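For reference, the structure is listed below as structure tokens.
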Amino acid sequence: MDSVAFEDVAVNFTQEEWALLDPSQKNLYREVMQETLRNLTSIGKKWNNQYIEDEHQNPRRNLRRLIGERLSESKESHQHGEVLTQVPDDTLKKKTPGVQSYESSVCGEIGIGLSSLNRHLRAFSYSSSLAIHGRTHTGEKPYECKECGKAFRFPSSVRRHERIHSAKKPYECKQCGKAFSFPSSVRRHERIHSAKKPYECKQCGKALSYLVSFQTHMRMHTGERPHKCNICGKAFFSPSSLKRHEKSHTGEKRYKCKQCDKAFNCPSSFQYHERTHSGEKPYECTQCRKAFRSVKYLRVHERKHTGEKPYECKLCGKGFISSTSFRYHEKTHTGEKPYECKKCVKAFSFVKDLRIHERTHTGEKPFECKQCGKTFTSSNSFHYHERTHTGEKPYECKQCGKAFRSASVLQKHIRTHTGEKPYGCKQCGKVFRVASQLKMHERTHTGEKPYECKQCGKAFISSNSIRYHKRTHTGEKPYKCKQCGKAFISSNSFLYHERIHTGEKPYECKQCGKAFRSASILQKHVRTHAG
């Protein structure tokens, strides 16, 4: 039997052409080529391995190796297969006598953006291949996952998807032992160990492992967001972000946790959630050994060591280590708050903040401390609380060496050195170091007291005030002095008390140099100078 060279049935792209394809076009290409090779095998054809094994920078050649691996995963046989040809029809007929060539009438006149992709995705050697190809236009997905009902165009796609449910991870990293569902995933992971990052940004010097990551990164500098939601018009840096967002409109949540029944719309969120049950933190910082549940949070953490702030505000020039903090900041300029609570009409800049706020109405506190059983409405509050048990204070002030449990508390502290008070009251002009202080102050003008005690009906201007007040009913005093054993209702009272033992007086009068244990006592003292 004659040997069939890989190139006889392959679509060829240059590196430049491949880089221009969007992910959906690349995925279509992969699926079709996998099916093609299976079909050739089933009818007894052989192909030349030299192309599949060839390691080269060209992504297409690396893809050949991937196809070879995927082919070995499946024993499924097919009677006929799709052959995408790069030669004219008459040449094809000479190579494969008696085989008719079919052309798609649906896509024959539709341009996909690249002439080579246009040319190759239209011609087929078998009628069954044309039928398979037709699904890309009709949207037909006949292969369905038995676990979650998600549908796919190809049987190979549903088999790969089913591994998410089965937790089957046959591909293991030789360096760290981490297991993966697919060979492509383990190869991506191995780059973490090899530190091979061939794509370097000329603007900030950051190096990236993948061309797609590099292109997405460049959009942070240019501000370009080419992927737009057809429903609400919101734009995104990458197609994967757009896909995740689109599911927020459909309400589709295919990935369900077996432990708590919580559902998710994407597998990465589902895997991250599973680790909250298992406690697994597979991503470790090489500098401080701190571990994280996702590689995304590790990358953000690493920037604290390097000082890198790749997200820069075009309005004020301020830099940020994460896209989340950058987006939060952007909305301080616009004042945009599109997410509104249906119960109290309070509005938020981000849907995540709305979800956390809604828990104040429902009473839901999904984050529980394993040491003391205390529960929290948000993961941030929970992580901050955990550090009260461990004593961990990872955020250190470079000026005085004082350490803090959270980055936000450190930022507030830094302003005691700089004197910066960026939050000003529009009614009286009084300025504050933190936004929460301004909000509480504004309520002294409006008379608003949104936090009411259910036991006695007393109302308060802040959540902290009502929390401390509730402890007068319960008798709870969670802050205990290690030196004398005295306990306190609030952290402020506790800190003030600690200074009696240490002698610390951090609040100093600028006029006479006298120092005090608390800001309130300093303010009283300052008035004695004013007369």
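Here, residue 1 is simply the first one shown, and the rest follow in order.
Cβ atoms here come from the backbone N, Cα and C positions, even for glycine.
Per Swiss-Prot, the stretch carrying the note zinc finger among 9-31, 423-445 is 423-445.
Range with Swiss-Prot annotation zinc finger, chosen from 68-90, 367-389, is 367-389. Beyond the ends of the zinc finger (479-501), by six or more residues, the same chain brings 464, 468, 471-472, 517-518 to within a C-beta distance below 8 angstroms of the stretch. Between the zinc finger (143-165) and the zinc finger (367-389) there are fewer than 3 Cβ pairs closer than 8 Å, counting only residues 6 or more apart in sequence, so the two stretches are not in contact. With DSSP states grouped into helix (H, G, I), strand (E, B) and coil, the zinc finger (423-445) comes out at 11 helix, 4 strand, 8 coil.
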